[in-house]
Ligand code: SF4
């Protein structure tokens, strides 16, 4: 296909595709899907080989948020039965982080619900970062604390943070339909603050919120312009009790096209499959490793992922390797600038033995609220 040859050539040269080319990737047929994956896979391997970077989420503060992001189980008024707790102490966070590192994670992502941190919160997180870094040599730490005020990014950097995450989530045109308590411009401002402080910027999107192909292309093009080092691609987990709880509109094939489009537009950037991997890619997860070079190990902020061991097995079975702390994630030109069981017959899936699930049916059975790890007395999944 001419389109794919063109996109591979451009990806290897880090040349921006046209909007029409990006839209055409999203419009490809299922018959062409493996060709799309193979083409984007060439770009992925050129810049990242067969390495998969593992990241581990630690939810420092869960729920109780005053903001109204429609997709979020921690939002104001959320009826989702998630864990709710206030700030983990540095030692508690460090213990959770250590479990992820022992499971193979190279980066720990410290996340807290809320509009943004107070200066006292920054002190608290700074102490947590120092504790984690002392106890886990070589680990990368990314903070994700919401909108930053002047000077906060610098203070996090001084405490040893390597990166800061703040997602754009969706296009500028539709942002107001998703959230009313802050703006798209606020989000862009925080990503720029992180950049300016010398932190590696991490910013991504959420697909599956009812957006159009044009919206997806808009947000990915905006991300390319912002130039983050990593782009997490989330697939909406439609939590019961949130405004988007009925938005089941992704298929595994669509997820692959979205990841491929992201790879073509951001060829040399760490593209991470983030929340919703198991729920929406399901048995096609291994194919997505040909597109993304990074995943989260184990559980998400408020929902459970597949067993950490299953993540590692999937990577090995698909012919990829977990990236070690002695390997540099980003290509040289970027790195120099910064830094099972339980299923089967009789399980709660509800289907009869041997029945084939309808790919277009909402898979609410795959959404499990996190009840283990950070904020609980139970062992984490890593
Ligand atoms: S995404 Fe962040 S700011 Fe928005 S409701 Fe959830 S925790 Fe609050």
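Glycine too: its Cβ is placed from the backbone N, Cα and C atoms.
Remember, TrEMBL labels are computer predictions, not curated facts.
Here is what TrEMBL says about this protein:
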- 47-277: domain 'Radical SAM core' (DOMAIN)
- 65, 69, 72: [4Fe-4S] cluster binding site (BINDING)
- 109, 142, 202, 272: [2Fe-2S] cluster binding site (BINDING)
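Excluding 109, 142, 202, 272, which define the [2Fe-2S] cluster site, the same chain contributes 55, 107, 144, 163, 165, 230, 232 within 8 Å (Cβ to the Cβ centroid), listed in sequence order. The Cβ of residue 72 ([4Fe-4S] cluster binding site) lies under 8 Å from the Cβ of 65, 78, 242, each on the same chain and at least six residues away in sequence. Counting every protein chain shown, the Cβ of residue 109 ([2Fe-2S] cluster binding site) has 25 other Cβ atoms within 10 Å. Note on the binding-site residues 65, 142, 202: the fewest other CB atoms within 10 A surround the CB of 65.
The Cβ of residue 272 ([2Fe-2S] cluster binding site) lies under 8 Å from the Cβ of 53, 55, 204, 230, 231, 232, 233, 292, 293, 294, 295, 296, each of these being in the same chain and 6 or more residues away along the sequence. Ligand 1 lies under 6 Å from the Cβ of 65, 69, out of the binding-site residues 65, 69, 272.
Here the Cβ of residue 69 ([4Fe-4S] cluster binding site) has 22 other Cβ atoms within 10 Å, regardless of which shown protein chain they belong to. For the pair residue 69 ([4Fe-4S] cluster binding site) and residue 202 ([2Fe-2S] cluster binding site), the C-alpha distance works out to 19 angstrom. When pLDDT is averaged over the domain 'Radical SAM core' (47-277), the result is 97.
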